[in-house]
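Engineer: What TrEMBL records for this protein is below:
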TRANSMEM  32-54  transmembrane segment
TRANSMEM  75-95  transmembrane segment
TRANSMEM  130-148  transmembrane segment
TRANSMEM  238-257  transmembrane segment
TRANSMEM  277-293  transmembrane segment
REGION    432-453  region 'Disordered'
Amino acid sequence: MTVTYTANVNTSKVISNFLKLLFRWRGSIYKLVWIDLFIFFSLYCLLAISYRMLMSAKAQEVFEGIVYYCNMHGNLLPLSFVLGFYVSIVMGRWWQQYTTIPWPDSIAILVSSSIQGFDDRARAMRRTILRYVCLCQVIVFTMISPNVKKRFPTYNQIIDSGLLLENEKAIIENMDIAFPHYPKHWMPIVWAASIVMRARKENKIRDDYAVKTIIDELNKFRGFCGFLLYYDWVSVPLVYTQVVTLATYTFFLFSVIGQQWTQVADAGGAPNRVEQWFPFLTILQFFFYMGWLKVAESLINPFGEDDDDFELNWMIDRNLTVSYLIVDEMHQEHPELVKDQYWDEVFPNELPYADDAKRTGPPEASTAKLDYRATNSEQRRFHMSRDSTATNRSGRDNFLNYMLDKHSSSASFAENYHPSRRSTWEDISRLTFTEPLDGPEEDRPRRRRPSRLDSASVDFDELIEQRHQERRDRMRQRFLNMRGTHIRTSPSGGYTVAVLRTASDEALGEEEDA
């Protein structure tokens, strides 16, 4: 089973808890690498002794040339990239296979709540359905796991465990003879679905929706079992595994030669005296890279017999026990209904703590400590002045639009106002609300030009509301005129629609066109 150590590292301390994990043996990197490391170090020592004691001067020169070549060109192999990508694929596949393992708990809960009755018939139905579900899982596990296959090598051992009966074994064996090339793990699920339908016919299940829900869960369970077989059939492509293995072992074959100590100085300096006695960095490099490869080899098939493989035999025992417990022992059973301690309060404000010092407050929002009053006063004044300027400009523009719409037909205003220049309050001062602008200029009454203060006292909201009211009245009048529409037949045999319009509508239309 996977080596679990989360309980030892649940809280970080001054002295790291991970340092304690370095001294574990089961599931450790030392257990995976020590044989390969011993072989590598033995080859390194053999070459070092041969160079120092057995080779002649001419042979030493040739060996030094080989060492120089291997040391200079050994890093051309992209070992870090190849290993990292391969391990990431294997790790993702390893976790996906664990999440694919189906559990019968949801099916057991549905069967227990849907198939009613305490008689032997209903009880046998519930227990048999869950036994078939567990049998399907056991058949799949025997096809993908060596440990489970050793436990159940034939159907006889499955019969001894109580998961299979003699008559059911005969049916499966006959199917194996008739169709020997296909797995039969789906047969118990078919039997379970048939029992569900029989329970519906005998009114053990009260509605069809419960039947559909149970069958959907059975199909989901069968689908997960099929996915486990897919993971077993379709592995990581062999070519990729070969590339990674060849790259790793070739790299260290060059390293065992290229990392040798020689009497020739490297890059014009003195020979490395530390490497002369023991190759510390070379051993660490082999330890890390080879450990990386061994991790991938260990996790590529999590249903094997490695330390970090899944314990499927434990899952088989657990699933059958829990399934029978749900559908039989706990069927229609629950504790007595009583009022909880917060019945009068409806809900608790705070739940108690064993140690009140461990109580913490609610989490703070990211802007909880932001104080707007601490903002620079100049920035506040700038924003306030900019907002007021924009408000005044918006009011002036609305007022100008109102005046343009109302007096757009005036020839004198058209002469004084040109769209190419910005409108000013002097343009608007030529307009009046009570007297028209028609007639000669000398006959018009002379009026005082409004000052900036007078124009600022105009109620723009009232003018805008007046403009909106006029538009609503005009639309209402048009709607009333539409009701007087009559349809007549045209000489060509079709129909034409005529809309009656009043004189006021004609005048308004001309104003809008202008």
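Placement of Cβ uses the backbone N, Cα and C atoms for every residue, glycine included.
Given the structure is predicted, the values throughout are model-derived calculations rather than measurements.
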Engineer: Taking 32-54, 130-148, 238-257, 277-293 as candidates, which has the most Cβ pairs under 8 Å with the transmembrane segment (75-95)?
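Structural biologist: Between the stretches 32-54, 130-148, 238-257, 277-293, 238-257 has the largest tally.
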Engineer: For the transmembrane segment (277-293), name the stretch out of 32-54, 130-148, 238-257 with the most CB-CB pairs under 8 Å.
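Structural biologist: Counting Cβ pairs under 8 Å, the winner is 32-54.
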Engineer: Restricting to the same chain and to residues at least six past its boundaries, which positions have a Cβ under 8 Å from a Cβ of the transmembrane segment (130-148)?
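Structural biologist: Long-range Cβ neighbours of the transmembrane segment (130-148): 102, 104, 107-108, 111, 158, 162-164, 183-189, 191-192, 195, 218, 221-222, 225, 228-229, 231-232, 303-305, 312-313, 315-316, 319-320, 323-324, 326-327.
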Engineer: Sequence-remote contacts (6 or more beyond its ends) of the transmembrane segment (32-54), Cβ cut-off under 8 Å?
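Structural biologist: Long-range Cβ neighbours of the transmembrane segment (32-54): 60, 63, 252, 256-257, 259-262, 279, 282-283, 286-287, 290-291, 294-295, 298.
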